[in-house]
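Now, the feature entries from TrEMBL:
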type     : residues : note
TRANSMEM : 20-47    : transmembrane segment
REGION   : 104-127  : region 'Disordered'
DOMAIN   : 186-465  : domain 'Protein kinase'
BINDING  : LYS215   : ATP binding site
Amino acid sequence: MSSNSTLTESLHEKTIVFGLKLWVVIGIAVGASLLGILLILVICLTIQTWIRRSRRAFKELPMTQIPSAFKDITEVRVADQFSPNDYVVHDGLLLAIENGPVESTDKDAVQSAQEDNSRHREENNLSGSLVHTDGCDGIQSVSVCEQPSVHATADSAPLDGLPEFSYLGWGHWFTLRDLDVATDHFAKDNVIGEGGYGVVYRGRLSNGTPVAVKKILNNLGQAEREFRVEVEAIGNVRHKNLVRLLGYCVEGTQRMLVYEFVNNGNLESWLHGELSQYSSLTWLARMKVLLGTAKALAYLHEALEPKVVHRDIKASNILIDDEFNAKISDFGLAKMLGAGKSHIATRVMGTFGYVAPEYANSGLLNEKSDVYSFGVLLLEVITGRDPIDYDRPPSEVNLVDWLKLMVANRRSDEVVDPHLERRPSTKELKRALLTALRCIDLNAEKRPRMDQVVRMLDSSETGYLRILKPCH
């Protein structure tokens, strides 16, 4: 009894903690411990639930459809600029450049070229290469399409030394902390581009690899849509002329994409921006950039199933590396066109001046819209002019209209960018103008495929003249 009495007396003794009795202090300590353990369990369960939901939400995304993105053209005025018989005038423009009559065998030559291309794709199931060698311009052509399977394992060199972690089956799943460190806490000094979609930062991974981190703004779900569009379009795609998507970050409401860093600016900055103040792209360099762009589009249109329509081909989306290889970027507006579909109906989006007129008028989209945009890009490179420039006289505001007028008046030699140190030869200029005019044909069905455009830009004079003659 004495021991129990002693214990009871000890528990009722006052302590130095606010004069509380010992048994009260012990009770408070036990209760606090239990609450701490419970709080830790709740936090762990919450994190696990969030991770499961994130994975489930992404896995439930249909792999055959890309959600709509909301980058609208602010203004499109096309219908009032063209008449129904404009194509007749267009044929005349081609003849004005060639400065000669159309031979009766031209139609057969075009049909023969098209049959050869069709047979080539059927025999190789879109896995072969179109290889043409041309000494002109000093450019040696390579295959139109990079041929590894869409699902082939990517070269992992940029990710060497990083933990292998991905739940999408490709690329690297970066944590928000990884990218925060890589970009120096998303410092303003590391911003290399920004727009309505978000901000692009220069960064460096823990293994030393330079990267571009695209932080997508979360405007009413826009981040989720943009993220899924780009992942679906190029997540598993590899081509030397497409910017490589290395990985992604999915954390809370944050959606980020991590790309290879292309270190030599973009085509717009070389033609019209800050880089143009230091040096002008030579004709040879311009044609190399355009040829690479054409090969990448040929790959997207001809070698993939479903085919990918970029929908926003323009100078600022053509990145350039230190060897002047083009790399198409920004797939936020891309659409997939499944087998058996001639077109899809969608909201008209893109960049004013580059958008195909039939798409702007009807909302019907297919790969020929990209062909038109490439044609405008080609004219921009030839002339050094913006597609739409309101600082010029009214007759010169629209690049396409102005160039057609110049060619119709047999003044095509006056359209070349005056900043070029060495003008292209007559043969080189003719090839480029003929290709551009075929690409911007108002009749979408008469525009060439992008694999044919590659041939036009990178073939002998005889070859490209036979392909480029207008069909009747």
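From the backbone N, Cα and C atoms, a Cβ is placed for every residue, glycine too.
A 10 Å cutoff on Cβ-Cβ distances gives LYS215 (ATP binding site) a total of 21 other Cβ atoms nearby, all chains included. Under DSSP, LYS215 (ATP binding site) is assigned to a strand (E or B) in the three-state scheme. In the predicted model, the domain 'Protein kinase' (186-465) has a mean pLDDT of 90.
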